[in-house]
Amino acid sequence: MEKTVKKVKRIEGSLRVPSDKSISHRAIILSSLADGTSIVKNFLKAGDTLTTVNAYRKLGVEIVEKEGVYYVHGKGLDGLKEPDDLLDMGNSGTTTRLTLGVLAGFDFFAALTGDDSLRKRPMKRVAEPLSKMGAKIDGRKDGNLLPISIRGGKLTGIDFFNEKMSAQVKSAILLAGLFAKGDTTVIEPVISRDHTENMLNSMGAYVSREFTKDGYRVTVKKADKLNPIHINVPADPSSAAFFAAAASIISGSHIELKDVLINPTRDGFFRKLKEMGAKVEYKNKRDEAGEIVADIYISYHELKGVKVEPQEVPSMIDEIPLLAIIATQAEGETVITGAHELRVKESDRIKSVIENFKRLGLEAEELPDGMIIRGKQKVKGGIVDSYKDHRIAMGFAILGLVSEEGITIKDADCVYISYPEFFNHLEKVSK
């Protein structure tokens, strides 16, 4: 599907964007391992997260939806069953990597595959540490690419340095650690999103966390059981970011974004937006299952270019393409470095942004690990390629709002991966 987004006068209104994708995934996965029934409200019902639901049903977990609430009848830490068919991971890297961590603890055979995009994404980053712990893993390109087979069993804890600061890698190892003899420790130079630690802690698992001279250090021990949870999944900051960005680049705009997760490992984009000059306020802060939630108010103010340093990247990794896009409207230059992880997302997001900038006649320089974007550029409009990547599609839709002739996005239906109602919501707040 192609979608054209045209210039608007302003952005105005109040939205509750879809629930957080990361927490929705983890709520299903961890609840599947709990003793008893977990209740998950405000679950994100989108392509990636429904992949997780389907995968754990194939592993023998009863997951029932009633009036938008998901009831997960956990099987305990020894209750998953060998699947009788391939587990299809769709487009979801999170489902794949975290599930490999879970399956490492079970002495049965499973094979995972995915769509064209997912079959190109690197899996050795989790396969290697899980193999060191004792799992038997094989796949294409020496275990780096799907399809991948795994047979888990007796695991031993390891100390792992998470150089890439990937929350998916960390989570896979910590989940395997629930089944492993001894301590399992992950060290990161800069803390990546910590929802797995928060949720495990709330379910009664042993989770030790500290900041040392080497960085962030988290340890789990073998668990006897996980307690079921009742959780209201907060709104996704990565989805909220698109509307915050729109309000910050269109004069006279202001928007309220309700119930947004503002975990410090996830709200880097909003902090950077404030640094650029936008008016950003957190109101009505509250706690939800160990996570901080707030209503966010954003108003237009002229933006200035900024530097995004490598240590800032993990807290805004999914929003960096969007930041690059709105940087074209800021005063001065924006420099982004240390974002090499963008190369192995649903698309090569650095290349995707740069190529689309070229199509629109916008000036930017591609770096191996980031971008340099010239500010205050007029956007005439044109046709861009989403590369079937939901965040690229939504990011360039936001740029369409300030374009002279509109921006047409190819394969725009990929937004279903995380935000099925995106274009409807965009229309709702466009004036």
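Every residue, even glycine, has its Cβ placed from backbone N, Cα and C.
Binding of 3-phosphoshikimate is attributed by Swiss-Prot to Lys21, Ser22, Arg26, Ser166, Gln168, Lys345, and the same site annotation extends, among Asp138, Asp318, Asp369, to Asp318. Around Arg391 (phosphoenolpyruvate binding site), the same-chain residues at least 6 positions away in sequence with a Cβ under 8 Å from its Cβ are Ser238, Asp318, Pro321, Leu322, Lys345, Glu346, Arg349, Ser418. Comparing the Cα of Ser166 (3-phosphoshikimate binding site) with the Cα of every entry in Lys21, Gly93, Arg121, these being the binding-site residues, the smallest distance points to Gly93. Reported as a whole number, the C-alpha separation between Gln168 (phosphoenolpyruvate binding site) and Ser22 (3-phosphoshikimate binding site) equals 10 Å. In the three-state DSSP reading, Arg121 (phosphoenolpyruvate binding site) counts as coil.
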